[in-house]
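J.: Annotations per Swiss-Prot:
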type: BINDING; residues: 67, 155, 156, 157, 158, 159, 238, 405, 406, 407, 408; note: dTDP-4-dehydro-6-deoxy-alpha-D-glucose 1 binding site
type: BINDING; residues: 193, 288, 351, 367, 368, 369, 372, 373; note: dTDP-4-dehydro-6-deoxy-alpha-D-glucose 2 binding site
């Protein structure tokens, strides 16, 4: 008879892992890094942009290389079958309109990208302070081309070199990671308005290695990154998403609702929405028209699909063509915030989007493109939109313009805000007051907090973090 060997057990970390939380808070409180001053980062980004050859040009769909409109479906696909496709989506909401649109039923083009990409940031301690390795990365859709991205930002097609390009630098730290060095590892969804069930693996991995420092990389503290988040179009969407998942310590462990109550409310929101979603051929999408250079809504609202030719001398592949999605106008993304019994709370909405895996995710108080509602009476516009747009400067606690993921979106930008709320606000159905700490806890699990809320959460957490016993 063979003997059974009992495996050794490992200690289970509590939800608030104080070692990491204290080190993260110290990094957030440190605004002097070992490599460069925060005020020099923008000049360094500009220098990296000037040191390389970057060019993005809009082209007709007919000039796309390796992309074509499939004969039967009309879907816009890559000949390799990899990367992503532009398809159609048919959404029916049986319980009322939600998301970024006033209608109970609609059809639209959508980006379908089944591959799970890696968004990985490498962390290392210098002089007792955690620093994070950021990359000055060119993306064709960035309004200013180069922004600070994660150490690794790559689809499976990229890091397996389906494009025939060079290796993705430092991918070995993330695929697979050393389990003893993982700080963050969670699948998070991307924009449910434009993607169909798209997720990326958000990761932060610590190292003690001597990591090569290429010209397009720099080590920054969390405090430096927090300062840069106050500047327009500097920290890219993927970096913001990953950093929002950091396990900050809850320094005010009280809230209007307990964690169990919050999860019960959220589960009820997911359960009560009856949303039917199915993929359809792009050629069958109603209400949209396709021309030689654009696919657009017949009323000029929402977004467009177009094509670009790209050159990027420091990319794994130095030239290529691809489709991109372009929004029709500047978006608005805002949290209303108030103190309840001295504890800051933000007003979240349980938002329905056709592209979400689980129908509903927690979103900012307001998340929309106002132009899409300009033709509607006030009562049909999103709740709190007018309040946010007309907020006096004295109530605005945070404001910056951030662009969305430049690998799929062309110049898509939103005005991100945190605004002091009127104490008398009573949340309507589908809205709830929660603490930033409760949202942070939920980012440890996928498909709870949407990507727009994660951006604002990253800004709020970095500004508020303090080491235990700190000032």
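Cβ coordinates are placed from backbone N, Cα and C, and glycine is handled just like the others.
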J.: 156, 406, 408: which of these binding-site residues has the sparsest Cβ neighbourhood within 10 Å?
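T.: It is 156 that, of the binding-site residues 156, 406, 408, has the fewest other Cβ atoms within 10 Å.
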J.: Across all the protein chains here, work out how many other Cβ atoms are within 10 Å of the Cβ of residue 372 (dTDP-4-dehydro-6-deoxy-alpha-D-glucose 2 binding site).
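T.: Taking all protein chains shown, residue 372 (dTDP-4-dehydro-6-deoxy-alpha-D-glucose 2 binding site) has 22 Cβ neighbours within 10 Å.
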J.: Calculate the distance in Å between the alpha carbons (Cα) of residue 406 (dTDP-4-dehydro-6-deoxy-alpha-D-glucose 1 binding site) and residue 193 (dTDP-4-dehydro-6-deoxy-alpha-D-glucose 2 binding site), and round it to a whole number.
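T.: Their Cα atoms are separated by 16 Å.
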J.: By the DSSP assignment reduced to helix, strand and coil, which category contains residue 193 (dTDP-4-dehydro-6-deoxy-alpha-D-glucose 2 binding site)?
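T.: DSSP call for residue 193 (dTDP-4-dehydro-6-deoxy-alpha-D-glucose 2 binding site): coil, neither helix nor strand.
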J.: Enter the number of other CB atoms within 10 angstroms of the CB of residue 67 (dTDP-4-dehydro-6-deoxy-alpha-D-glucose 1 binding site).
T.: 20
J.: Measuring CA to CA, name the entry from the binding-site residues 156, 158, 238, 408 that ends up nearest residue 193 (dTDP-4-dehydro-6-deoxy-alpha-D-glucose 2 binding site).
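T.: Closest recorded candidate to residue 193 (dTDP-4-dehydro-6-deoxy-alpha-D-glucose 2 binding site) by Cα: 408.
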J.: Name the secondary structure element type, per DSSP in three states, that contains residue 368 (dTDP-4-dehydro-6-deoxy-alpha-D-glucose 2 binding site).
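T.: Going by the DSSP assignment, residue 368 (dTDP-4-dehydro-6-deoxy-alpha-D-glucose 2 binding site) falls within a strand, counted as strand.
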J.: Given the binding-site residues 288, 351, 367, 372, 373, which one's Cα is the least distant from that of residue 238 (dTDP-4-dehydro-6-deoxy-alpha-D-glucose 1 binding site)?
T.: 367
J.: If you measure residue 367 (dTDP-4-dehydro-6-deoxy-alpha-D-glucose 2 binding site) to residue 156 (dTDP-4-dehydro-6-deoxy-alpha-D-glucose 1 binding site) at Cα, how many Å is it?
T.: 30
J.: If H, G and I count as helix, E and B as strand, and all else as coil, what does DSSP give for residue 67 (dTDP-4-dehydro-6-deoxy-alpha-D-glucose 1 binding site)?
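T.: Going by the DSSP assignment, residue 67 (dTDP-4-dehydro-6-deoxy-alpha-D-glucose 1 binding site) falls within a strand, counted as strand.
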